[in-house]
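What TrEMBL says about this one:
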- Asp82: active site, proton donor (ACT_SITE)
- His83, His177, His205: Zn(2+) 1 binding site (BINDING)
- Asp104, Glu134: Zn(2+) 2 binding site (BINDING)
- Gly178, Gly206, Gly207, Ser208, Asn227, Phe228, Tyr229, Thr230: dihydroxyacetone phosphate binding site (BINDING)
Amino acid sequence: MLITLRNILDIAESKNMAIAAFNATSLEGIMAVIEAAEEENTPVILQFANAAHGKYIPLEKIGKVMVMLAEEAKVPVCVHLDHGDNFDEIKTALDIGFSSIMYDGSALSFKENVANTRYARYIADVYGASIEAELGSMGAEGAEGNVMGAYTDPETAKIFVEETDIDALAASFGTVHGIYKSEPKLDFNRIEKIRELTDVPVVMHGGSGISDDDFRKCIDCGVRKINFYTYAAKFAGDAIRKMAAETNGNLYSHDVFVTARESMKETYRDAIRVFRNNKVSL
Ligand code: 13P
């Protein structure tokens, strides 16, 4: 069943948990996400980051499959555009049937970010969809493992949410995308303060490499959506390498795809269990 980000995050809020948001880059990835969520009987967010992954598969193709399989799923699924950076891309995703979009204006000035996010909110409303936006920047990790982006300031976040009326706020509090060079140090007080002042669900980007304990602390502070992808792709790569080493003779691509799907599904099931925050089942 396809539902909006707002509705899926309401479920998260009522249960003090976070909904997993996994990035898909292939049919195998989409199936892994939906099968993991169905086997865990837990809602899930299936997202596509066109800016990062459009070079592997076009939004117009993968998006249609995401929406179709989400509609058929036995659990609530939100289909979301991750890091939308222009209005054409946002409109394309909504035309395909995405129930939610992210507008990422984090590289812009505050004024421009507000103006563009307001317009993205207006577009999303036309389609009855939800919107996530970003303030501060997850950026990249520097040589010493420090986060290079700007942490989100809670007082500014309050004004940003009031001005834009977004459904969820991607905030920077110590996470970065991709593989961490050193142990991440998260600013839990910042999450609490942002939640207290804005009263919108906080989104964590860069979930790969965060400890289970830190995930749970973040959820207790108000994180309701956790973006997670790199580790699933990396572990699937490890599984393919192992499978290939054990293969005598020919290595077939269909076996590679199945191995990747099974591996991603296991990684996603583990993450969903942690993000459910001690609830045995929903
Ligand atoms: P990771 O790939 O680091 O898990 O982060 C995913 C993400 O934040 C997508 O927006």
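Backbone N, Cα and C define each Cβ position, glycine as well.
Each residue in Ala49, Ala52, Asp82, Asp104, Met138, Ala170, Gly206, Asn227 lies on the same chain as His83, His177, His205 and has a C-beta within 8 Å of the C-beta centroid of that Zn(2+) 1 site, without being one of the site residues. Nothing from the binding-site residues Gly178, Gly206, Ser208, Asn227, Tyr229 places its Cα within 10 Å of the Cα belonging to Glu134 (Zn(2+) 2 binding site).
When the binding-site residues His83, His177, His205 are compared by the number of other CB atoms within 10 angstroms of each CB, His177 has the fewest. Its Cβ placed at the centre, Tyr229 (dihydroxyacetone phosphate binding site) has 27 other Cβ atoms within 10 Å. A gap of 12 Å separates the Cα atoms of the residue listed as 'active site, proton donor' and Gly206 (dihydroxyacetone phosphate binding site).
For the binding-site residues Ser208, Asn227, the greatest number of Cβ atoms within 10 Å around a candidate Cβ is found at Asn227.
Using a 10 angstroms CA-CA radius around His177 (Zn(2+) 1 binding site), the binding-site residues that qualify from Asp104, Ser208, Tyr229, Thr230 are Ser208, Tyr229, Thr230. According to DSSP, Thr230 (dihydroxyacetone phosphate binding site) is assigned to a helical segment.
Listed in chain order, the residues near the dihydroxyacetone phosphate site other than Gly178, Gly206, Gly207, Ser208, Asn227, Phe228, Tyr229, Thr230 are Asn23, His177, His205, Gly209, Tyr231, each with its Cβ within 8 Å of the site Cβ centroid. The binding-site residues near ligand 1, defined by a Cβ under 6 Å from one of its atoms, are His205, Gly207, chosen from Asp104, His205, Gly207. For Asp104 (Zn(2+) 2 binding site), the nearest neighbour among the binding-site residues His83, Gly206, Tyr229, judged by Cα separation, is His83. Thr230 (dihydroxyacetone phosphate binding site) and His83 (Zn(2+) 1 binding site) are 15 Å apart (CA-CA, integer value). Thr230 (dihydroxyacetone phosphate binding site) counts 17 other C-beta atoms within 10 Å of its own C-beta, drawing on all protein chains shown.
Summary: among the binding-site residues (Gly178, Gly206, Gly207), the fewest other C-beta atoms within 10 A of the C-beta are counted at Gly178.
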